[in-house]
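> Got a structure for you, written out below as structure tokens; questions coming shortly.
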Amino acid sequence: MEVQLGLGRVYPRPPSKTYRGAFQNLFQSVREVIQNPGPRHPEAASAAPPGASLLLQQQQQQQQQQQQQQQQQQQQQQETSPRQQQQQGEDGSPQAHRRGPTGYLVLDEEQQPSQPQSAPECHPERGCVPEPGAAVAASKGLPQQLPAPPDEDDSAAPSTLSLLGPTFPGLSSCSADLKDILSEASTMQLLQQQQQEAVSEGSSSGRAREASGAPTSSKDNYLGGTSTISDSAKELCKAVSVSMGLGVEALEHLSPGEQLRGDCMYAPLLGVPPAVRPTPCAPLAECKGSLLDDSAGKSTEDTAEYSPFKGGYTKGLEGESLGCSGSAAAGSSGTLELPSTLSLYKSGALDEAAAYQSRDYYNFPLALAGPPPPPPPPHPHARIKLENPLDYGSAWAAAAAQCRYGDLASLHGAGAAGPGSGSPSAAASSSWHTLFTAEEGQLYGPCGGGGGGGGGGGGGGGGGEAGAVAPYGYTRPPQGLAGQEGDFTAPDVWYPGGMVSRVPYPSPTCVKSEMGPWMDSYSGPYGDMRLETARDHVLPIDYYFPPQKTCLICGDEASGCHYGALTCGSCKVFFKRAAEGKQKYLCASRNDCTIDKFRRKNCPSCRLRKCYEAGMTLGARKLKKLGNLKLQEEGEASSTTSPTEETTQKLTVSHIEGYECQPIFLNVLEAIEPGVVCAGHDNNQPDSFAALLSSLNELGERQLVHVVKWAKALPGFRNLHVDDQMAVIQYSWMGLMVFAMGWRSFTNVNSRMLYFAPDLVFNEYRMHKSRMYSQCVRMRHLSQEFGWLQITPQEFLCMKALLLFSIIPVDGLKNQKFFDELRMNYIKELDRIIACKRKNPTSCSRRFYQLTKLLDSVQPIARELHQFTFDLLIKSHMVSVDFPEMMAEIISVQVPKILSGKVKPIYFHTQ
């Protein structure tokens, strides 16, 4: 109660003059109810003033009314005949009776009884407490009869408040607002339970006192035995506080004898078995009071250590158990475990420390390391990543500095063994990753027990045995005989062990910064690109969606390959007129004029000079002329006599040297080579099967657009029939992408991972996660062949162009003759590129054999990928993998022809 401070003394302020808020009036009414309990069986009043004097007057009136009603009941019972009483007892309703605010039966709204009902008999052995009126009737030998309820007095009061009379007597004298609030706040259910418990306890204690002869006070009978007014007041205050959303920290502590309810949200913390569902009201106050109670045998230090969000939280992060000493069962549990149904009441940091302390999402089983331990149980917060060092023994601890894209392909451990590698124990091989099969382990698994210092294998078809047959029909260099990835061409000089960093783009430490001199001649938008920095060349939007190929002369959009260079139509016509004409052009400046789309007509001299620098010649209008020129020279050499044989050889050598000095064909291939394409994969999201495969399909869609543009710019390709052009591209796109990806993996990451795109690099973990591990291993082995054979960029460009013409339908194309001629011309160009670097014919033949064997090895890999993509397209809806429209059309229409045998590849060697 609020007080006023006077000059020299403290005196209470009159309640009638006190100004309070809504909640202050509520609790003031509750306090007045507690201080003035009222009669034993009060009746509900419509309203009560806050003053104490008015409450006393109203209570006296209620007592007088109650006495009058009791007298009327006795008179009616005397007038009622025994036969009518028996009939009323037989016709009584069997349902459970509820007491109203004046002791009447409270019936449901749907039931309208036509006659009064008799109350059920009260049995003391069942724990029932008879009503006072019933006790009077029993003493006189009359059956108990309940009067009919009044019509108007009690109709305004809520029906649920009728249950509060026997247990909380002071509630009847409170205001009507309090009753409405308690009814709306769902506090009645809790008070009903407490009423039943109080009645049962009161009956048992009353019987014990009667047996011992001890007198029973009116206060004990009134509150049900051992309960007191202060205890009931505390329960009511706490129930109202919780139901109104107020804090319960300021309430009084529970007595040491009170027990903790099992349906409390804190009950599992203290070892109490939880109930089916926690109640929202008073149990929280009871549990809170019991947790804050300082009982005997519990120190202050233990009580201070309870709070799970303060001191215990720090200990939980350090790996210690969160102790809770709020009850006697706290010492036995010793661990703070919150139930899963109460996730809204707990902090995420409580279980993250214990769940993530020994968990690493990147301790995945790699192909060249020992078998990992069983994975930890799943966690609801599995999307959170913790990049801790790998902790799988000696072979795994060596990769502690590896990042997310780390690969253990270069680690050499004596105990590392993969499936099918002859591990000493069967348990080691059985605990290998589930995606490994027996065939995959033998064909593509890591080499177990390689010679020298290597236990790591190449992951390809070659095993670790000395007498293994080379799959490509040739002998690899001595440093690659053991199948070790990191042994060829001294990769550590330019490829450190850091692999690819965690950022979605490769870091400068893992990318070969020099592309070679073969890209210097192409000054297009992507020809002078250097992968020295990670984000300089990938952030612009035109990198993800590259524009059309530009003219090498003026930078305008190119219309095709003209006179040996990729140019626009304007520069094509200008070069033809300027080269064939006899007019000489002179520059008015210093021969360094800017030639672009808007200023290309300002200086014809600089424009013509730039055309020659790009490799444009009148003799390169058609690729046939070069072949015909060589055949003509060979025919002339064969028809001449022996004295002129030396002269013919000199002409042939001079022709080859001139061709090497002006590589028209290579200039075209270098100019039309597609740039780097990104997949748009979000590396910040967790790796999943659907995400990886959807990104691969999106990358295939983007690369397919570049393949079409690249094929149309190839010399001689437009001379094919239009249907033949479409068919060749649709049949060979998979092999072209695999071959180009193998080259990128060799040049960027030294064939240790699959470099699909700068933002989509597959390490061992992603290979397993994508469920195409065997195909990925074969593609990685293809990439390793570029290093073992030391493929030059010129050889790669020519082999890639030849790969376009390496698969046709069984029935043939519409213009099969011209297709065969075009394919033969590209084969001759590959032979010329080989002959430019080698003088010995035997060496040239061996090199040609190796390169053609490598081309043949692409076809089986492409067929496996065709089968995989076709099966994935059928199940795409079930596995949530997205397919772009063009990719889905090609896979659904053209791939079945390849799988059914209607379209077959052209092999150089017998398979």
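Cβ from N, Cα, C; glycine included.
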> In Swiss-Prot, one of 12-36, 587-611, 612-636 is tagged zinc finger. Which stretch would that be?
587-611
> Which one of T550, T567, T869 goes with N697, R744 at the 17beta-hydroxy-5alpha-androstan-3-one site, as Swiss-Prot has it?
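Among T550, T567, T869, only T869 appears alongside N697, R744 as 17beta-hydroxy-5alpha-androstan-3-one-binding in Swiss-Prot.
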> Measure from the Cβ of N697 (17beta-hydroxy-5alpha-androstan-3-one binding site) and count the other Cβ atoms within 10 Å, all protein chains considered.
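Here the count is 21.
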> Say we define neighbours as other CB atoms within 10 Å of the CB. Which of the binding-site residues R744, T869 has the fewest?
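Sparsest of the binding-site residues R744, T869 by Cβ contacts within 10 Å: R744.
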> Limited to the region 'Interaction with LPXN' (543-910), I'd like the whole-number average of pLDDT.
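Averaged over the region 'Interaction with LPXN' (543-910), per-residue pLDDT gives 85.
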> How far apart, in angstrom, are the most distant Cα atoms among the 17beta-hydroxy-5alpha-androstan-3-one-binding residues N697, R744, T869?
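Output for 17beta-hydroxy-5alpha-androstan-3-one binders N697, R744, T869: max Cα distance 22 Å.
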